[in-house]
Structures are given as C-alpha cells and as structure tokens.
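Reviewing the structure listed below.
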C-alpha cells in the first residue's frame with residue numbers, strides 16, 4: 001500500500017519463488033518450487049518471443065516474395081544477396097543467443113531435473129549471501145545474480161530479454177548485440193526497398209514490371225504478380241500498395257525500437273555498466289518521482305486530511321498571539337504572572353473535542369507583531385505620594401530654601417524596594433528622564449519629557465527612584481549646601 005491507500009503498481013517476484021510456506025501446514029500446490037529454465041526454448045514461450053518470430057517471417061516473406069522481385073532487373077541479384085546475407089546472419093545469431101544457457105558454471109554443472117526449494121525470508125535476508133545462492137545451493141561468482149524469471153543464477157547478469165525468452169549474461173551478451181544490430185540493419189534495408197516500390201508505383205510503374213512474366217500483360221497494368229519467379233501469383237495493384245505501406249509502417253516502428261535499444265547498450269558499454277547496474281543506480285530517483293506522482297494522484301479530500309494531520313502535528317506547539325483585551329485583563333488580574341510569562345497569555349482550552357485548530361493552509365495565521373500598550377497619563381504616575389520629610393537642623397533661610405526646592409520638584413512615586421524593579425532592556429534607566437535637584441532628589445523632567453514618556457512601553461509597576469539618606473539636609477556635612 002502507498003501513501004494514498006492504493007495498492008502499489010510495482011511487480012513483486014513470483015509467489016512460487018519468494019513466498020515461504022507455513023510452518024504448520026505443508027506446502028500447498030501453488031507454493032511448490034519452480035523449475036529452472038535452461039534457455040529460451042524452455043517452456044513456456046513468452047508472447048513477445050512469438051511476436052518477434054512472426055515479424056521476422058512477415059518481413060522475410062514480403063521482402064523476398066513481393067518487393068525484391070519488383071526491383072529493376074539488374075538490381076534483383078544484389079537485393080537477394082544483401083538481404084539474404086543480413087537475414088541469414090540475424091537468424092543465426094538470434095537462434096544462438098536463444099539456445100545458449102547463460103547460467104553460472106556451478107549452476108550448469110548441477111542437475112536441472114527437480115524444482116528448486118522455496119525461498120524463506122525468515123531464514124535468509126537475501127537470495128545470494130556471501131557468494132552462495134540459497135536457492136541454487138551453489139557458490140556463484142561476484143557478478144552473478146539470481147533471475148526470478150529463469151529461477152537460476154546468471155553469470156554477469158545484464159537483463160532478462162523477453163524477445164529472446166532468455167537471460168542475457170556474459171555468455172550470450174555479444175550474441176544479443178549482434179542480433180539487435182543485424183535486425184536493425186535488415187529492417188532499414190527492407191524499408192528502403194519498400195519505399196522505392198511505393199514511390200515508383202505512382203511515378204513510373206513500368207520500372208517495376210521488368211520481369212519476364214509481365215511481358216504477356218503489357219495491356220493489363222492492373223494485374224501484378226507476387227512470389228516471382230518461383231511461384232507467380234496474380235494480384236491487384238491495391239494489394240501491392242497495401243503490403244508496401246504496411247511494411248514501411250512496421251519497419252519504421254521496429255527501427256525506432258531497435259535503434260533505441262542499440263544506442264542504450266552502446267552507452268552502457270561506454271560506461272562499463274550492465275542494465276541491472278544502471279537500473280539499481282537510478283532506482284532512488286525513480287522511486288521519489290513515483291511517490292510524488294502517487295501523492296498528486298490522491299483524491300483531494302484524502303490529500304487535505306493528510307496535510308491537516310501533518311500541520312497539526314507540526315504546529316501544535318505554536319501559541320496564538322493574545323489580543324489586546326486579553327493582555328490587559330491578564331495585567332489587571334495578576335501582574336506578577338504577566339511579567340513572569342513575558343506578556344504571553346495562555347489561550348483557553350477548547351470546551352469540546354470538536355474544536356480543532358485548523359492548519360495554516362486552511363486557516364492562515366497573520367504574522368505576529370509586537371504590540372506596545374500605553375497606560376493613560378492619569379494612571380500610576382499621576383498619583384502623587386508625599387516625599388519623606390528631611391530633618392530640619394538648619395536656619396530658617398535654609399529651611400525655606402529647602403522647602404522651595406522640594407515643592408519645585410515633581411513628586412516621584414516610590415514603587416518598592418530596589419529588588420522589585422523589573423526591566424526588559426538594558427536601557428531601562430533611561431526610559432524615564434529624571435532631573436536631579438541640589439539635594440540629590442529625583443524629579444521628572446520638563447513637560448516635553450513627560451510627553452515623550454507617555455509613548456514608551458511601561459511594565460505593571462513603575463520604576464522606583466530612591467533618595468539616598470546620605471544626601472543629608474541643608475547644613476549637614478553630607479548635604480549638598482555644605483560644599484564650599
């Protein structure tokens with residue numbers, strides 16, 4: 001099964017080879033071991049093998065029986081010789097490649113009479129382990145692979161050719177290449193002959209009637225002969241055209257397939273690779289593409305559910321940004337907890353199980369922004385507390401001067417001890433401008449400074465400014481007026 005809950009399209013190995021029987025019951029008939037195939041003549045034949053034989057017969061019959069005899073008289077011997085040599089050579093190498101047993105030497109020495117044992121994955125992880133095949137029960141070479149179609153180890157395994165119905169290995173690889181090359185050359189030559197006949201039929205049909213059997217039919221141009229000169233058979237002109245056109249179409253298709261196959265194996269030989277090694281190297285990329293296609297082929301509803309589950313797992317730790325009202329309520333309810341959590345308000349839990357947070361793809365979240373909340377000027381700072389009175393030990397003039405200085409300065413609210421002061425930045429001491437008097441007492445700056453102060457972000461408690469007792473009173477040694 002794949003990610004879309006669909007069965008995989010990959011072809012699994014044959015059940016009779018790879019499925020281990022149950023330990024409780026004996027092997028069922030469908031789980032009996034498969035016999036090894038010796039070569040391409042072993043039963044059963046593959047459908048593509050039969051198609052290859054039929055195409056060879058069709059090309060040979062139409063080429064030698066219909067098209068070559070219609071060539072000009074002086075071209076006929078060359079046509080028979082060239083096409084005959086190519087077709088005969090292809091037949092020899094093709095039959096040889098089919099008949100050769102490409103199995104490993106140790107496998108060929110073993111008898112093919114009985115079926116091989118069934119592979120049990122509970123006992124072995126791979127068919128070939130430490131250069132020993134667990135199915136063939138022989139030691140094999142490092143380049144040998146076990147073919148599931150032939151059920152045997154092939155030395156220098158390249159691929160299993162369905163057209164030959166045989167494995168292609170070190171023993172028959174060159175024969176396979178010669179078979180492909182000769183087939184391509186023969187089909188190309190046959191397509192050229194068929195094209196010439198098809199064109200000359202409309203341009204100058206008399207050039208196709210040079211055989212002596214056409215001399216008695218000079219006045220009957222619609223009558224043609226096939227299978228000349230051994231067994232002439234009369235036919236009509238449309239039959240000649242249909243056969244030539246059909247051969248051209250099949251020939252072009254065969255040329256494309258054979259040419260592609262030959263170029264591919266030339267590429268493999270240049271890079272010193274086998275078909276099996278090439279497939280293994282490109283398998284990860286192909287599987288990734290197949291997985292992407294399977295995900296795209298999923299129904300939209302199934303894909304949206306899977307994406308929702310993914311985003312819910314991925315973004316479950318993200319807490320939404322609290323609104324301004326929630327932050328204000330949390331500030332008024334518990335200022336210490338609000339400061340400890342850096343201003344984050346825990347969202348309320350859903351009242352029912354039906355309330356789910358949708359993924360960003362369904363309900364997009366806005367980008368969180370830092371909000372600055374301003375307290376009104378009539379708040380904490382406007383509440384004035386009386387400053388502690390200093391000890392009066394001086395003259396009346398100095399007492400009046402001290403009182404005038406005290407009244408001229410704006411009162412500062414002492415919020416508590418110095419340990420209770422909290423700040424979120426290193427420049428917190430500069431957030432509120434403080435004017436120092438002659439006695440060292442603190443006062444707020446000018447009205448312009450108070451205007452700028454109202455635009456700054458404040459915490460739950462205003463910072464406290466303490467007047468040091470060492471400042472003293474007027475006239476004392478620690479006081480500001482005692483300086484010379």
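Using the three backbone atoms N, Cα and C, a Cβ is placed for every residue, glycine included.
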Please state whether Swiss-Prot assigns residue 153 and residue 238 to the same topological domain (same side of the membrane).
no
Kindly point out the range from 75-95, 96-116 that Swiss-Prot annotates with transmembrane segment.
75-95
50-70, 134-154, 155-175 - the range that Swiss-Prot marks as transmembrane segment:
50-70
Give me the count of other Cβ atoms within 10 A of the Cβ belonging to residue 161 (active site, S-palmitoyl cysteine intermediate).
24
Any idea what DSSP makes of residue 161 (active site, S-palmitoyl cysteine intermediate), helix, strand or coil?
strand
Counting each residue once, how many in the topological domain 'Lumenal' (204-238) are helix, strand and coil under DSSP?
12 helix, 8 strand, 15 coil
